[in-house]
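J.: This structure is in structure tokens; I'll ask about it shortly.
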Amino acid sequence: MRNSRKSKMATEENSHPKQAFGNVLQSDPNEDEYSFRISQTSETSHLPPRLSSDYSSPLATSPTRDSSASPYLDPSWDQSHQTSPLSRSPWTSHVENNSTNYSYTGLMGSLVREEGHIYSLAASGDLLYTGSDSKNIRVWKNHKEFSGFKSNSGLVKAIILSGERIFTGHQDGKIRVWKVSGKDSSVYNRIGTLPTLMAYIKTSMKPSKYIQTRRNRNTVWIKHFDAISCLSMSEDQKLLYSASWDKTIKVWRASDSKCLESIKAHDDAVNSIAVGFNGLLFSGSADGTVKIWRKESQGKGTKHFFSQTLLKQECAVTALAVDPSSNYLYCGSSDGLVNFWQGDKLLSHGGVLRGHKLATLCLAAAGNLIFSGSADNNICVWKRDGGEHICLSVLTGHSGPVKCLAVEEEQEQKGGDKQFIVYSGSLDKSVKIWRISSQLVPNQAEVGTSPPQNFPSSNSCRVSQRRK
């Protein structure tokens with residue numbers, strides 16, 4: 001099946017009624033494409049055979065779902081809401097009473113938002129940051145609405161925390177930098193934009209600093225000309241990496257927001273990047289490849305060089321995650337599979353995790369657990385024991401694709417058992433909160449609602465290990 005350029009990117013469009021949140025926040029209508037791309041940049045190309053060409057409605061391809069079960073396919077889902085101040089915003093928190101029971105494992109509750117789909121999450125201690133297509137960044141403290149701040153344009157596709165600063169990547173190709181006020185911890189101020197206005201003006205005055213874009217236009221090399229898909233920090237927190245649908249990765253010096261380098265990384269949109277293994281940069285793209293870039297000192301700066309192609313396949317690479325504690329790299333794809341490599345074995349391929357029926361959209365690693373969120377609305381919990389992986393359970397409850405994950409280790413533990421708080425953001429406009437134990441035994445814990453009919457349960461997820 002052949003498709004035009006517009007049909008080659010998975011899209012999700014919604015219009016939202018204008019809502020006011022007092023003098024602090026104001027959301028406005030916005031439309032956005034689905035937040036990863038699955039096709040080549042040529043005018044026509046074949047979609048991966050495992051995906052429907054009409055990927056703008058991913059649930060329609062699932063035999064276990066119908067349109068009436070999907071809130072963002074139901075026209076009655078988006079409806080007008082009364083204007084209200086921030087103290088009575090359309091966010092509602094539903095946290096169960098058993099959330100204080102530290103022996104409990106499973107779904108703790110939901111943060112339901114009516115502003116738009118959840119595209120990005122970041123967690124630090126008792127704070128949770130959520131980004132959506134309303135252009136707002138909401139701040140939650142102890143699972144209760146605490147604060148918020150708003151960008152002028154561009155829905156929030158990525159959030160990353162670095163010390164006292166919050167970096168947000170947007171649909172308009174800009175990175176915005178925020179910092180909490182020293183006088184009031186609930187007030188966040190924007191302290192910069194990448195690239196800075198001064199750097200943009202200075203660069204634009206030199207013809208040699210322009211590059212040709214795919215739209216047959218020229219733009220300065222320090223600026224992304226398409227949506228930012230993800231952000232990542234170097235291990236020493238000195239460099240910020242931004243990846244974009246414009247096929248490039250840009251390297252920024254965190255101390256002064258200077259763009260140091262622009263890497264022409266892939267032949268199609270870069271969907272994910274990850275840093276680990278003593279400075280290696282990994283990039284995954286809609287061109288079906290995972291590439292490794294090595295950082296080398298060069299004079300007073302650094303430069304990244306292509307090292308090798310780790311994976312090459314027909315379907316798009318949609319998510320990457322590095323487990324720094326054990327040197328494992330995980331890669332999710334639009335066919336629902338999760339490949340992994342072992343860093344301590346020269347990045348040899350370790351196997352494939354098979355737990356999803358539709359595209360894997362996000363990954364997170366914590367301790368010896370790996371979490372994979374999917375367009376099939378579910379989250380698989382995997383446990384690594386040595387080089388072996390076991391699917392502990394499937395977390396169900398979302399009524400839309402799971403777009404983003406954030407994990408924090410719970411401070412209070414019982415009997416030395418590590419427990420993690422997992423936040424999952426979905427296109428059903430909600431964030432769900434889960435408590436997961438590293439000692440969770442398959443089939444011995446209630447972790448959500450019952451899996452949909454014909455969907456693999458925790459004991460039917462499969463792991464294809466590499467043959468030795």
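Just so you know, glycine gets a Cβ as well, placed from its N, Cα and C.
Because TrEMBL annotations are produced automatically, they should be read as predictions rather than curated entries.
According to TrEMBL, the protein carries these features:
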- 1-95: region 'Disordered' (REGION)
- 53-70: compositional bias 'Polar residues' (COMPBIAS)
- 77-95: compositional bias 'Polar residues' (COMPBIAS)
- 221-262: repeat 'WD' (REPEAT)
- 263-293: repeat 'WD' (REPEAT)
- 310-342: repeat 'WD' (REPEAT)
- 395-438: repeat 'WD' (REPEAT)
- 444-468: region 'Disordered' (REGION)
J.: Give the nonlocal contacts of the repeat 'WD' (310-342) in its own chain as ranges (CB under 8 Å, at least six residues past its ends).
T.: 36-39, 48-51, 235, 268, 271-277, 282-292, 348-365, 367-368, 370, 372, 374, 376, 382, 384, 387, 389
J.: Give, as a single whole number between 0 and 100, the mean pLDDT over the repeat 'WD' (263-293).
T.: 96
J.: By DSSP assignment, list the helix, strand and coil residue numbers for the repeat 'WD' (221-262), in that order.
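T.: For the repeat 'WD' (221-262), the helix, strand and coil counts are 0 helix, 23 strand, 19 coil.
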J.: Which numbers of helix, strand and coil residues does DSSP report for the repeat 'WD' (310-342)?
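T.: Counting residues per DSSP class in the repeat 'WD' (310-342), I get 0 helix, 22 strand, 11 coil.
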J.: Tally the residues of the repeat 'WD' (395-438) by DSSP class, grouping H, G and I as helix, E and B as strand, and everything else as coil.
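T.: So the counts come to 0 helix, 27 strand, 17 coil.
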J.: When DSSP states are grouped into helix, strand and coil, how many residues of the repeat 'WD' (263-293) land in each?
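T.: Residue counts for the repeat 'WD' (263-293) by secondary structure: 0 helix, 20 strand, 11 coil.
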